[in-house]
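TrEMBL has this to say about the protein:
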TRANSMEM  6-31  transmembrane segment
DOMAIN    20-260  domain 'G-protein coupled receptors family 1 profile'
TRANSMEM  38-66  transmembrane segment
TRANSMEM  72-93  transmembrane segment
TRANSMEM  114-138  transmembrane segment
TRANSMEM  158-177  transmembrane segment
TRANSMEM  209-228  transmembrane segment
TRANSMEM  240-262  transmembrane segment
Amino acid sequence: AALNPWDVMLCVSGTAIACENALVVAIICYSPALRTPMFVLVGSLATADLLAGLGLILNFVFQYVIRSETVSLLTVGFLVASFAASVSSLLAITVDRYLSLYNALTYYSERTVLCIHTMLAGAWGVSLCLGLLPVLGWNCLHDRAACSVVRPLTKSNVTLLSASFFLIFLIMLHLYIEICKIVCRHAHQIALQQHFLTASHYVATKKGVSTLAIILGTFGASWLPFAIYCVVGDPDYPSVYTYATLLPATYNSMINPIIYAYRNQEIQRSMWVLFCGCFQAKVSFCSRSPSDV
């Protein structure tokens, strides 16, 4: 079959995603110091995005090399599970950031570790179930009328996935609003103690709120168009509409390592250790909490 340029772009996007996140996974696995709950969550996100990138590559290979309905279902299920785990890991990171501020005194406890591991187990379990649905029969291979804009997923299947995304997006929006309130309240308390709000406090607060807005805005801009189109789109529409909304959604997995990993000083230091074998720098690094955004 002739190469579809959109499929090529998705494959290139998947390659970039896989390389970026493979480096993050290698750094976290290589560095014993990165075993805190925060980095466990970042590792979960990087693993999910790594699998999503590999899924995009495999989808391209099997689409043009091995054309099989069974392989197509397995690939689609793999992609659904990977992207669902990525979005779920983002939600878990948001919850972790909220807890680190809301329960600052009790955050570094065994209860927090148990809570995070439970969240991750639930997130990956649900993602795996969503990925198995088309493989176990919830597909439109034998009923073309039930197909959605993402073949071979059915309309009801993509509606469920879109509804789950909208719910997660609303929860993240609510949590980030609460985080902004806590940050502003802390800045106000500092101002009362010092009788005025210093310029550094104002800049730090503004920077924190701006960063949260960028994080949520990037997530929404990447996934909302595709989620909305899955609900309102018709399978008879040109496939270019599906590609045009799906491709930006994959960019979220490309941006996640930059936002959640490479900006972190501990990971930057571990990269130096991993590639150089030693770390020599005049800049001192200090441990940062999940609330540091």
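From the backbone N, Cα and C atoms, a Cβ is placed for every residue, glycine too.
Whatever TrEMBL says is automated annotation, not expert-curated.
For the transmembrane segment (158-177), the residues of the chain that approach it from at least six positions outside its boundaries are 80, 84, 87-88, 90-91, 94-95, 97-98, 130, 148-150, 212, 215-216, 219-220, 223-224, 227-228, 230-231, judged by C-beta separation under 8 angstroms. A Cβ distance under 8 Å defines the sequence-distant neighbours of the transmembrane segment (209-228), meaning residues of its chain 6+ beyond its ends; these are 87, 90, 161-162, 165-166, 169, 172-173, 176, 179-180, 183-184, 245-246, 248-249, 251-252, 255, 259, 293. Pairs of Cβ atoms less than 8 Å apart link the transmembrane segment (6-31) most often to 38-66, out of 38-66, 114-138, 240-262. If you look at the transmembrane segment (240-262), the same-chain residues 6 or more away from its ends with a CB under 8 A from one of its CBs are 6, 9-10, 13-14, 16-17, 20-21, 23-24, 27, 42, 45-46, 48-49, 52-53, 56, 83, 86, 90, 93, 149-150, 214-215, 218-219, 221-223, 225-226, 229, 233, 268.
Mean pLDDT, taken over the domain 'G-protein coupled receptors family 1 profile' (20-260), works out to 85 on the 0 to 100 scale.
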